[in-house]
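One structure is given below, encoded as structure tokens.
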Amino acid sequence: MQTPLIDLRAIRKSYGGGDSPLVNVLRGIDLSIHAGEFVAIVGASGSGKSTLMNILGCLDRPTSGEYLFAGENVAELGSDELAWLRREAFGFVFQGYHLIPSGSAQENVEMPAIYAGTPAAERHARAAALLDRLGLGSRTGNRPHQLSGGQQQRVSIARALMNGGHIILADEPTGALDSHSGAEVMALLDELASQGHVVILITHDREVAARAKRVIEISDGLVVSDTACDLSAPRSANPAALQAVDLRKRLSEGSGSRGAWKGELLDAVQAAWRVMWINRFRTALTLLGIVIGVASVVVMLAVGEGSKRQVMAQMSSFGSNIIYLNGKAPNPRAPKGIITLDEVAALGELPEVKMIMPVNGGQAGVRYGNVDHSSYVGGNDTHFPAIFNWPVVEGSYFSEADEQSAAAVAVIGYKVRQKLFGEHTDPIGQYILIENVPFQVVGVLEEKGATSGDLDSDNRIAIPYSAASIRLFGSQDPEYITIATRDANNVKHAEEAIRNLLQRLHNGKQDYELTNNAAMIQAEARTQNTLSLMLGSIAAISLLVGGIGVMNIMLMTVRERTREIGIRMATGARQSDILRQFLTEAVMLSVVGGLAGVVLALGMGAALLLSKVAVAFTVPAVAGAFACALVTGVIFGFMPARKAARLDPVAALTSE
């Protein structure tokens, strides 16, 4: 004897229990259905027929009893295998049509094929052919609200047939239709039955049930009658119908839906875009958090990087081969060490030293006419422009003869020129008072800019070392020594040679201090990096707020689209498919927000550049901020997506 395609044994289904009363909906159903049968299950409202249909269609599980499908115990199947059965074996036709409102007729029909991994061209052609066969060839692009009830039900039937529809489960298919549309739907079901499909019709209307070849009546959760209206043998089964012998193999091969992810991803992206467009205002408010977050991170990092590059360029312009030598106290109670001019001469003889220059200077008051200014005044020798790569742009630097004669001449920095003389007065040849001592301006240094913080290299005046010692400070000993090494790549070696010589000259006393420009540049770079990190971290808080907004909107979306989730599950979507669907939508929000944030950041950066603010956009910073937006979408979209994936199919389908 042929194995029944569907075999129910003592099926019971109960709800409630615990704190709520126990309700027994099915009280022990025994039922067998063979391939090729057209069966009507009839009963009054509350008789349990819809619950039975949900169990038959693998949307729900019985409380007890045994359900064998093609010889396989359904209770032993996992969630992915049940999804495969819903996708490949069953086709649902619901009383309320259950079409996705935002999708066209063709997109609704194609849904089961997407989850089956059918190639796009093949599923487009099959969906169009099914709709044309059902008289909807001209309505493929219409949304459900643009179709009549009968047309929507025909779309539902086409969807049920998309993957073959070996077993058609029709729950009150004519209940919401007028008599003419109802007759058309029943004629379609008759035709499907005649082609060998198993048709299981759930209805309370005995006239509708009479169209079937077998009528099973249910009352109070029990089968009260099982009548064959046509004693002839069942029609031959659909040639593609599932057979017991290969079901387990097909389940193991097909439950993974290999290749389906591409179609699902495209479907998820299209669905996400439709939902975003339909709820444009809400989407814009949600995106605002991501946009502001990404823009803030990018701009903050760009400002930090711009400031860093500016400072590094200015510091590097003084030369990375520079070493500074200062006297210092070896301990808190000892006097500060002194570097003499004789020691300067000895250091200048080292082969590692290219040039050496003593500096005797300090902050001093400067006046020209009735304009007062405070500036650093440094007594240097003629090596100053060469050591610091600092050319004179107006006039000339003082000469060796000026140094020998302690001439009262001065070369002023760019900022000093601006403060004392403005744009229109030629400073060359003019006399300024430095601590009330007159000095003639012979040159103006090129603009360098501030190196760090409030230190402005352009706010300085260079005078001969001898003039500084005699005319201003009254001391021959230098304030500090500037040393230019021969090899910029081996400053450490030169520093070691200088330290060894000073150890001998100072009899081993550590009353001096050596610092080099390269180390200062590295330290400043670390400081600037820390500042940039701090700015980026502050800005990232707004991105976090944007992520919370994404999670909020996705939770609302899951709640609003609970029925859609149920529809997708009924057409064969696995939990992982639903998870991917809603996770993709969350990422889509983040992608759009991230792109808009990057564009906004570039616009803000352009505005800052016009305002003379140092800004430097880097690919890692922009890509990193965008990647953070994507990660934010994944992290904050995961919980809503997981919630959607865990919904019960029956509860989702019946939600309002």
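In case you wondered, yes, glycine gets a Cβ from its N, Cα and C as well.
These come from Swiss-Prot:
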BINDING   GLY43, ALA44, SER45, GLY46, SER47, GLY48, LYS49, SER50  ATP binding site
DOMAIN    6-245  domain 'ABC transporter'
TRANSMEM  284-304  transmembrane segment
TRANSMEM  538-558  transmembrane segment
TRANSMEM  589-609  transmembrane segment
TRANSMEM  619-639  transmembrane segment
The transmembrane segment (619-639): which same-chain residues, six or more beyond its ends, come within Cβ distance under 8 Å?
-> 290, 293-294, 297-298, 301-302, 305, 540, 543-544, 546-548, 550-551, 554-555, 582-583, 585-591, 593-595, 597-598, 601
Average pLDDT across the domain 'ABC transporter' (6-245)?
-> 85
Mind checking which residues of the chain, 6+ beyond the ends of the transmembrane segment (284-304), have their Cβ under 8 Å from one of its Cβ atoms?
-> 528, 531-532, 535-536, 538-540, 542-550, 552-553, 589-590, 592-594, 596-598, 600-602, 604-605, 608, 613-618, 621-622, 624-626, 628-629, 632-633
Please compare the binding-site residues SER45, SER47, SER50 by how many other CB atoms fall within 10 Å of each one's CB, and tell me which has the fewest.
-> SER45
Beyond GLY43, ALA44, SER45, GLY46, SER47, GLY48, LYS49, SER50, what residues of that chain have CB atoms within 8 A of the centre of the ATP site's CB atoms?
-> HIS204, ILE218, SER219
Quick note, LYS49 (ATP binding site): same-chain residues at least 6 apart with CB under 8 Å of its CB -> ILE41, VAL42, GLY43, ILE202, HIS204, ILE218
Using all protein chains in view, find how many other C-beta atoms are within 10 Å of the C-beta of GLY48 (ATP binding site).
-> 24
What is the total of other Cβ atoms whose distance to the Cβ of GLY46 (ATP binding site) is within 10 Å?
-> 12
Counting every protein chain present, what is the number of Cβ atoms, excluding its own, within 10 Å of the Cβ of ALA44 (ATP binding site)?
-> 12
